[in-house]
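Here is the structure we will look at, set down as structure tokens.
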Amino acid sequence: MAKKSLKVKQTRIPKFAVRAYTRCQRCGRARAVLSHFGVCRLCFRELAYAGAIPGVKKASW
């Protein structure tokens, strides 16, 4: 889990555009965020297994 201060810091608009970065909406993780879904890979996996993300299922071939 991310620190509360980092979550608050993310909500502010940065002075320079290159300083902006994505953060998981669910847990606050800054790395491995899937921008299409807005969550990190770990939360995405949990939500996909739970069936909370429509159209996503476990691949098997």
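Each Cβ is built from the backbone N, Cα and C atoms, and glycine gets one as well.
Annotated in Swiss-Prot:
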type	residues	note
BINDING	CYS24, CYS27, CYS40, CYS43	Zn(2+) binding site
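DSSP gives CYS40 (Zn(2+) binding site) a strand state. Neighbour count (other Cβ atoms within 10 Å of the Cβ, all protein chains): 21 for CYS43 (Zn(2+) binding site). Ranking the binding-site residues CYS24, CYS27, CYS40 by how many other Cβ atoms lie within 10 angstroms of each Cβ puts CYS27 at the bottom.
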